[in-house]
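What follows is a short report on a single structure.
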């Protein structure tokens with residue numbers, strides 16, 4: 001038996017163990033308890049009760065947490081009004097428009113949640129893609145009904161809305177939130193997007209010029225053939241841009257300060273799981289598709305009953321609803337001083353519509369037998385060209401403030417007023 005002095009000399013503690021060492025039995029017991037606890041948590045998460053609880057929590061977050069969802073009942077009301085009374089097309093249009101607004105915003109929310117699991121670069125692409133899902137769905141329905149001018153004007157209006165109204169409001173809100181200094185963003189990415197937008201203007205301009213100068217080799221055929229060829233080239237250019245941004249030069253176009261803030265922000269913003277986000281994207285896209293059908297059917301009647309030009313409805317009203325998700329997220333990121341994400345949402349969305357959605361609609365129309373072309377008429381093409389130049393000049397310094405935002409908003413008001421007094425040329429005059 002060792003005495004107390006010997007134990008003290010060897011560094012034994014009161015329980016007879018060498019000081020600084022943990023009892024092996026207790027350590028194994030602690031590990032066992034941790035392992036059993038984690039297995040119990042996993043088993044509990046797989047029970048039907050926990051799945052229902054998680055599903056109800058997801059519904060509460062996505063449906064009941066957002067105040068804008070008080071507008072959701074307008075969607076079913078529009079459908080009911082369509083079948084109960086076919087004469088009130090103006091009300092069906094307005095109710096469909098209001099009903100799609102919260103769905104578009106929630107679609108943007110689900111996309112942002114999914115982006116938390118995919119990283120910032122892919123997240124920006126997802127934001128732009130699903131943010132434009134509403135416009136694509138409306139365009140396909142309109143193409144199916146042979147409403148080519150509605151497709152052209154709504155897509156043009158979406159570009160104008162993103163570049164002037166959404167970006168302007170984001171710059172304005174961000175400037176007011178940070179009034180003592182200019183906000184900074186990655187100028188290289190903005191310059192590349194501006195170049196792609198100018199390329200889109202090039203693609204839209206030549207079919208219009210070819211038509212209005214009456215210099216077609218085959219009258220009525222050449223502009224459609226040129227539009228289809230140009231659309232294929234634009235799709236190749238956009239695919240090359242995606243590879244360039246996501247693979248080849250990924251580090252060059254990463255947001256400023258991304259490394260320090262990405263992990264912390266993603267953990268803070270995750271509210272639903274990745275599977276739940278994908279499920280909500282699927283459900284919301286289907287519901288938007290259903291409402292878009294009634295919206296497109298009621299456009300012509302709404303123009304007559306509301307005494308409002310069809311061009312104004314297509315270029316101004318439809319894109320404001322379709323861009324609800326981009327509008328909310330762009331302003332939110334600008335106020336958080338994340339201008340690179342704001343530009344990815346606003347300018348990236350405009351680039352995607354001009355270089356992917358519009359050429360895609362031309363190809364889809366080609367498959368449907370509809371002569372959808374890139375001849376957007378001189379008034380619309382000139383408006384887009386001037387808008388791209390104005391925004392390119394605003395972005396060339398790589399900084400933003402509330403005054404730049406105010407100028408963009410005022411420019412959009414001028415564009416909106418122009419389309420309110422603009423009468424679309426008769427089809428007989430265009431051919």
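Glycine too: its Cβ is placed from the backbone N, Cα and C atoms.
Away from its own ends, the transmembrane segment (61-84) comes close to residues 91-92, 95-96, 98-103, 105-106, 109-110, 271-272, 280, 287, 290-291, 294-295, 297-298 of its chain (Cβ-Cβ under 8 Å, at least six residues beyond either end). Look at TrEMBL and you will find 61-84 (among others) tagged as transmembrane segment.
If you look up TrEMBL, you'll see 90-109 (among others) marked as transmembrane segment.
For 91-246 (among others), the entry in TrEMBL reads domain 'Sodium/calcium exchanger membrane region'.
Here TrEMBL flags 121-143 (among others) as transmembrane segment.
Feature annotation from TrEMBL assigns transmembrane segment to 155-178 (among others). Sequence-distant contacts of the transmembrane segment (155-178) (same chain, at least 6 residues past either end, Cβ-Cβ under 8 Å): 132, 135, 139, 197, 314-316, 318-320, 322-323, 326-327, 330-331, 333-335, 337, 339, 342-343, 345-347, 349-350, 353-354, 357-358, 361, 376, 380, 383-384, 387-388, 390-391, 400-409, 411-412, 415, 419.
According to TrEMBL, the transmembrane segment annotation covers 190-213 (among others). Sequence-distant contacts of the transmembrane segment (190-213) (same chain, at least 6 residues past either end, Cβ-Cβ under 8 Å): 163, 222-223, 226-227, 230-231, 233-234, 237-238, 241, 245, 253, 343, 347-348, 350-351, 354-355, 358-359, 373-378, 381, 384-385, 388, 391-392, 395-396, 398, 430.
If you look up TrEMBL, you'll see 225-244 (among others) marked as transmembrane segment. Counting residues 6+ beyond its ends, the transmembrane segment (225-244) has Cβ neighbours under 8 Å at 125, 192, 196, 199-200, 203, 206-207, 210, 218, 351-352, 355-356, 358-360, 362-363, 366, 372-375 in the same chain.
TrEMBL lists 277-296 (among others) with the feature transmembrane segment.
Sequence annotations record features per position, and here TrEMBL assigns domain 'Sodium/calcium exchanger membrane region' to 278-419 (among others).
The transmembrane segment feature in TrEMBL is assigned to 308-334 (among others).
According to TrEMBL, the transmembrane segment annotation covers 341-368 (among others). If one looks beyond the transmembrane segment (341-368) by at least 6 residues along the same chain, the residues whose Cβ comes under 8 Å of a Cβ in the stretch are 120, 124-125, 127-129, 131-132, 135-136, 139-140, 143-144, 148, 151, 155, 158-159, 162-163, 166-167, 170, 174, 185-186, 189-190, 193-194, 196-197, 199-201, 203-204, 227-228, 230-232, 234-235, 237-238, 241, 255, 323, 326, 329-330, 333-334, 374, 391, 395.
Summarising the annotation, TrEMBL assigns transmembrane segment to 374-395 (among others).
Residues annotated as transmembrane segment in TrEMBL: 402-423 (among others).
Broken down with DSSP, the domain 'Sodium/calcium exchanger membrane region' (278-419) shows 118 helix, 2 strand, 22 coil. Tertiary proximity for the transmembrane segment (402-423) is limited to same-chain residues at least six positions away from its ends with a CB under 8 Å from its CB atoms, namely 157, 160-161, 163-165, 167-176, 179, 309, 311-312, 315-316, 379, 383, 387, 390-391, 394.
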